[in-house]
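Asks: Structure incoming, see below.
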Amino acid sequence: MQKEENNKCVIVIFGATGDLAKRKLFPSIYNLYKKGSLSENFAIVGAARREWSDNTFRENVATSIQDSKINVDADLDDFLKHFHYLSFDVTNTSSYQNLHELINELDEQFNIPGNRIFYMAMAPQFFGTIASYLKSNEVTTTIGWSRLIIEKPFGHNLESAQKLNIDLREAFAEDEIYRIDHYLGKEMVQNIEVIRFANAIFEPLWNNRYISNIQVTSSESLGVEDRGGYYDHAGALRDMVQNHMLQMVALLAMEPPNRLTTEEVRTEKIKALRALRPMKSEDVDRYFVRGQYGRGMVNGKEVNGYREESNVDPNSATETFVAGKLLIDNFRWAGVPFYIRTGKRMTEKSTKIVIEFKELPMNLYYKSKDEMHPNLLIIHIQQDEGLSIVLNGKKVALSGETTPVKLDYCSSCQDVLNTPEAYEKLLYDCILGDATNFTHWDEVSLSWSFVDTISKVWENSIPTDFPNYEAQSMGPKISDKLLADDGFHWWPISDDSPYSILKGENINENV
Ligand SMILES: NC(=O)C1=CN([C@@H]2O[C@H](COP(=O)(O)OP(=O)(O)OC[C@H]3O[C@@H](n4cnc5c(N)ncnc54)[C@H](OP(=O)(O)O)[C@@H]3O)[C@@H](O)[C@H]2O)C=CC1
Ligand SMILES: O=C1O[C@H](COP(=O)(O)O)[C@@H](O)[C@H](O)[C@H]1O
């Protein structure tokens with residue numbers, strides 16, 4: 001009963017004519033509708049500057065759903081009846097009064113008990129303004145609940161994030177603000193907690209006594225595409241590390257929560273981020289590496305270097321690659337490096353976490369030709385979803401030599417049609433009032449304080465070697481040194497060849 005009342009709501013999408021709404025939000029809402037996760041009592045208001053009619057808006061929503069990979073059923077017309085459009089100027093009071101009236105009408109038409117979600121799918125400079133106008137025009141004053149979903153980037157540094165947060169908090173309480181990090185909606189990112197805390201074979205080993213290092217790689221094969229205007233002011237550090245990469249590190253490092261409630265889970269993640277050893281300016285070059293892609297060959301065709309991309313400064317010093325070594329100063333993790341790397345125009349699209357376990361105290365098989373292979377747990381976040389465990393076994397032969405054995409579980413292969421998109425899951429969580437997989441302000445602020453030191457150092461020392469990696473490579477060679485100095489190497493991340501991780505020739509691929 002509670003759930004049925006809860007999912008009745010009006011969702012206002014600011015920026016409904018834009019790319020995010022088209023590619024992610026409309027298909028996600030349609031999927032929720034098809035699965036019966038939305039009741040019939042919902043309405044969507046699209047708001048943007050364009051002078052569209054409801055019909056034009058519905059046609060665009062239909063096209064975006066048809067262009068996505070979803071199976072479109074006959075119920076599309078019924079679905080579209082829930083969509084309404086409002087031509088909107090963010091700085092004009094009358095726009096908010098019109099919005100208020102429209103929401104009230106829709107509440108009545110669809111029997112919605114005053115529940116509202118305001119989704120900011122617009123450029124971040126408008127977030128504060130919209131929140132403040134919503135409040136002053138009493139659009140957020142309702143007998144039901146009122147929630148704000150806010151897209152990244154959440155500020156450009158700690159100072160601007162703090163200012164944005166103060167602006168938002170004038171209109172919304174912390175528990176009404178849902179800061180989206182779409183990595184937290186990914187199936188296997190959500191699975192990190194389950195793998196860790198529901199398995200007796202991992203939980204006791206998850207610490208510095210048994211783990212030698214953890215590697216988190218999120219590589220992209222595409223370049224900056226048409227987002228040069230935004231990206232050239234952000235760079236990989238702000239675009240990926242401040243949010244997605246540090247969120248994955250927090251999930252890997254956190255203590256088990258007392259309960260699976262939003263507050264308990266967030267508290268543990270916040271504690272892990274607090275334990276992150278702050279960077280000193282003088283250590284940045286030792287712990288972090290930046291790169292920028294140059295030209296290269298992709299599928300037999302030469303592709304542009306970053307500085308030749310549209311809306312990018314031809315002398316840009318913006319990094320499109322970051323690798324770093326993080327240390328977590330607490331009992332569990334003292335001495336265990338967490339290596340992260342992310343970049344554009346790398347060899348392939350892949351996000352993987354490799355947990356490398358320590359060697360055994362004595363190796364009975366050491367005298368044999370092959371050295372023992374460390375045990376690995378590999379969490380495949382994307383493109384394939386699943387996990388692998390690398391163990392040692394005996395070679396099928398008389399010699400008694402050991403050989404690495406890999407056990408694979410592919411969760412996306414089991415349920416390929418039902419794996420929900422990250423946005424679908426997160427939108428549904430927000431409708432149900434579950435903020436566990438959204439970032440709390442404390443997580444945002446701790447991540448910015450960590451990243452700010454690095455970006456300040458980088459802003460003050462212009463790299464002379466950019467571009468320093470070829471498109472379609474694993475980034476600058478110097479990123480291998482981060483690990484080599486500690487006696488480690490990056491494990492390969494290829495999805496194409498599931499056994500590549502075991503092959504000697506692919507190990508140390510960049511060294
Ligand atoms: N696209 C993506 O994949 C991702 C986007 N994001 C974030 O989502 C947000 C939106 O991104 P995206 O959809 O790509 O951006 P777009 O530029 O494609 O869309 C911007 C939207 O804002 C509207 N808009 C712009 N100015 C005004 C104004 N003054 N008043 C009213 N509406 C206005 C535009 O419509 P109109 O021109 O009709 O006014 C359009 O609907 C950004 O914060 C971005 O960082 C985050 C992750 C991924
Ligand atoms: O937030 C962002 O993420 C994407 C990568 O997301 P993924 O789900 O495709 O891995 C990245 O391309 C983009 O630059 C960044 O803003």
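Cβ atoms are placed via backbone N, Cα and C, with glycine included.
The following feature annotations were taken from TrEMBL:
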- H244: active site, proton acceptor (ACT_SITE)
- G15, A16, T17, G18, D19, L20, A21, K22, R49, D89, V90, K152: NADP(+) binding site (BINDING)
- H182, K186, E220, D239, K344, K349: substrate binding site (BINDING)
- 12-191: domain 'Glucose-6-phosphate dehydrogenase NAD-binding' (DOMAIN)
- 194-491: domain 'Glucose-6-phosphate dehydrogenase C-terminal' (DOMAIN)
Asks: List every residue in the same chain as G15 (NADP(+) binding site), at least 6 positions away in sequence, whose Cβ is under 8 Å from its Cβ.
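Replies: The list for G15 (NADP(+) binding site) reads A21, A47, A48, M120, A121, M122, A123, given in order along the sequence.
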Asks: Which of the binding-site residues G15, R49, D239, K344 have a Cβ less than 6 Å from any atom of ligand 2?
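Replies: Cβ < 6 Å from ligand 2, in sequence order: D239.
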Asks: So if I measure Cβ to Cβ from K186 (substrate binding site) and keep only same-chain residues at least 6 apart in sequence, which ones fall under 8 Å?
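Replies: Looking at Cβ-Cβ distances below 8 Å from K186 (substrate binding site), excluding near sequence neighbours, one finds T351, I381, Q382, A422.
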Asks: Considering Cα atoms only, can you say which of T17, D19, R49, V90, H244 is the nearest neighbour of K344 (substrate binding site) among these recorded positions?
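Replies: Answer for the nearest of the recorded positions: H244.
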Asks: Going through the recorded positions G15, T17, E220, H244 in sequence order, which have a CB under 6 Å from an atom of ligand 1?
Replies: G15, T17
Asks: How many angstrom lie between the most widely spaced Cα atoms of the substrate binders H182, K186, E220, D239, K344, K349?
Replies: 20
Asks: Below 8 Å Cβ to Cβ and six or more residues apart, same chain only. Which residues does that give for V90 (NADP(+) binding site)?
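Replies: Spatial neighbours, sequence-distant, of V90 (NADP(+) binding site): F14, M122, F126, T129, I130, Y133.
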Asks: A 10 Å Cβ contact count, applied to the binding-site residues D19, E220, D239: which residue has the minimum?
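Replies: Among the binding-site residues D19, E220, D239, the sparsest Cβ neighbourhood within 10 Å belongs to D19.
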Asks: To the nearest whole angstrom, state the Cα distance for the pair D19 (NADP(+) binding site) and H244 (active site, proton acceptor).
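Replies: Distance between the two Cα atoms comes out at 20 Å.
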Asks: For the binding-site residues H182, K344, which Cβ has the most other Cβ atoms within 10 Å, all shown protein chains included?
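Replies: When each Cβ's neighbours within 10 Å are tallied, K344 leads.
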Asks: How many Å lie between the Cα of R49 (NADP(+) binding site) and the Cα of K349 (substrate binding site)?
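Replies: Cα to Cα, R49 (NADP(+) binding site) and K349 (substrate binding site) are separated by 35 Å.
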Asks: In Å, how large is the greatest distance between any two Cα atoms among G15, A16, T17, G18, D19, L20, A21, K22, R49, D89, V90, K152, the listed binders of NADP(+)?
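Replies: Comparing all Cα pairs, the maximum is 21 Å.
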Asks: Quick one: which of these binding-site residues, T17, H182, E220, K349, have their CA within 10 A of the residue listed as 'active site, proton acceptor'?
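Replies: Cα filter at 10 Å returns H182.
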Asks: Report the member of R49, H244, K349 (the recorded positions) whose C-beta atom has the most other C-beta atoms within 10 angstroms.
Replies: H244
Asks: Determine the most Cβ-crowded residue among the binding-site residues T17, A21, using a 10 Å radius around each Cβ and all protein chains in the structure.
Replies: A21
Asks: Just the number: how many Å between the Cα atoms of K349 (substrate binding site) and T17 (NADP(+) binding site)?
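Replies: So the alpha carbons of K349 (substrate binding site) and T17 (NADP(+) binding site) sit roughly 28 Å from each other.
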